[in-house]
Amino acid sequence: MKSTRFPIRYLIVLLTFVCTSVCYIERVGFSIAYTIAADAAGVSQSSKGTILSTFYYGYAFSQVPGGWAAQKIGGRRILLFSFVIWSLTCALCPLDPNRVMALVIARLLVGVAQGFIFPSIHTVLAQWVPPHERSRSLSVTTSGMYLGAAMGMLLLPSLVKFKGPQSVFLAESALGGTWSLLWLRFARDPPRSDHPKATAAGFGESLLPIRESQKLKADRSTQIPWRKIFLSLPVWAIVVNNFTFHYALYVLMNWLPTYFELGLKFSLQDMGSSKMMPYLNMFIFSNIGGIIADHMVTRKILTVTNTRKVLNTVGFLVSALSLMALPLFRTSGGVVFCSSMALGFLALGRAGFAVNHMDIAPRYAGIVMGVSNTAGTLAGIIGVELTGQLLEAAKVKNSDLSSPDSWRAVFVIPDCFALRVLLFSSSFQLGREYLIEVGLWFYLKSVYDIQKHAD
C-alpha cells in the first residue's frame, strides 16, 4: 500500500473502532433504559429477559447473510446500509414497556441490521490490513465495543435520570447518523492497481468483490466453499470459543444493571464512574492482547497458532475463576473488581481467537465471521432469556433477588462454559467423533447442573 503521512488503512481501522463503540453504546443503552422503564412499570424478570433477548434473534438471523452480502456487494456498502437502518429504527421506536409488540419488532429490526456489521468489518479489514498487523488492528476495532459499553454505563444512567428513557434512543440514533456521514465521507475500497501481490499477502484487491467485466473469467475458485467451511475443525474451534465468550459477555452486559439495582440494592446513578470499570478493563485488555500477539508473531517467539492458544487459554481461565468468585462479594467494590477481571480477561482471550477468521480464510473472513458470530448470538438468545427465567424462579423461592443464592446459577453457567471450552478448543485435532462425544457430554452435564441448582 502507498505510504502516506497517515495511511488510509489506519483511518479505516479508526472508523471501525468508532463503529463498534457506537453499536455497543446502543446495546448497553437499551438494557439500561429498558430495565429502568420496565422496573417502574412492574414488568416481570422473565418478560424482561424475553425483550432483552429479542435483539439476538434478529442478530443471529443476519450473520451469515451479512457475510455473504459483504463478500458479494462489499463490506463498505453493507456497513453503511446497516448503520442507517438501525439508527432510523432507534429514532422512531417508542420506549414503552407496555407496547410489547412495538418493542419486539424494533429490537428484531435493530438486531437484523447490526448483524451485518461485524461480518462487514472483517471483510473490510481483510481487504485493507496486511497479515502482520491483523491482531493489533482487530483488537483496536473490537476494543471499541468495550469502550462504548463503558461510556454507556457511565453516561446513560444520568441521561435517563434527567431526560427520561426515551432520550437514550434519540442520543443513540444521533450517534449512528453521525458515524454514517463520516463513513460515507472517508471510507473507500483499496485501489486494485496498488496491490499486485495481494493474493500472496492475503489482503487487498484479491478480496474485493469481482467486477462485472471479470465474472466471465471467474472459475470455481471464486465460489464460496460452504462445505469446507462447515466441516473445518478450526472453524468449529472458533465457533465454540465465540459461543462461550458471548454467553458471558451478553449475560453480564444485559443483567449487570439488574444485579446492581436488585441484587445488591445499589443505584446505578449513585455508583459514579466505578460502574464503567468492567468494560473499560475490556478495552484495555483487548488492546494489550493485540499488541502481545503481534509482538510474539513478528519476533517469532511463538508460532501464530501457539500465540492464539496461549492468549485464549490464559484469558478464559482467569475469567472463569473471576466469575466463580463474583457472587461471593456483596460490596460494589468487590463486584466491580470481579466483573472487571472476568470481562477484561475475556477480552484478552478474544484476542486469541477472534483474528483466526482472517488467519485461516482471509478471502472468506466475513463469511467465517458470520458463521461463528451466529453461534455467539445464539449464546445471547439462550443466556439472556435463561437468566430471566432463573431469576424469576429465584424470586418466587426467595421472595426477592437480594440473596446471593438467587444469582449463583447466573454466574456458574458461563464459568462452566469457559472452563470446558479450553479442553474443546485445544483438542480439536483429536478427531471429529471424539469431539462430538465430548461436546454432547458437556451439554448434558450443563443441563444437569442447571436443573440440579434449580431444584
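Here the Cβ of each residue, glycine as well, is placed from N, Cα and C on the backbone.
Remember, predicted model here, so these are calculated numbers, not experimental data.
Marked as domain 'Major facilitator superfamily (MFS) profile' by TrEMBL: 12-433. Annotated transmembrane segment per TrEMBL: 6-25, 78-95, 101-125, 137-156, 229-256, 276-298, 310-328, 334-353, in sequence order.
Averaged across the domain 'Major facilitator superfamily (MFS) profile' (12-433), the predicted model reaches a pLDDT of 80.
At the 8 Å Cβ threshold, with sequence separation of at least 6, the transmembrane segment (6-25) lacks contact with the transmembrane segment (276-298), having fewer than 3 such pairs. Remote same-chain residues near the transmembrane segment (229-256) are listed as 27-28, 31, 52-53, 56, 149, 278, 312, 316, 319, 323, 339, 342-343, 346, 349-350, 352-354, 356-357, 360-361, 364, 367-368, 371-373, 375-380, 382-384, 387, 391, 410, 413-414, 417-418, 421, 424-425, 428-429, 432, 435, 439 (criterion: CB distance under 8 Å, separation of at least six residues from the stretch ends). For the transmembrane segment (78-95), same-chain residues at least 6 beyond its ends with a Cβ under 8 Å from one of its own Cβ atoms are 19, 22, 26, 33-34, 37, 66, 69-70, 102-103, 106, 109-110, 112-117, 120-121, 124, 165-166, 168-170, 172-173, 175-177, 179-180, 183-184, 187.
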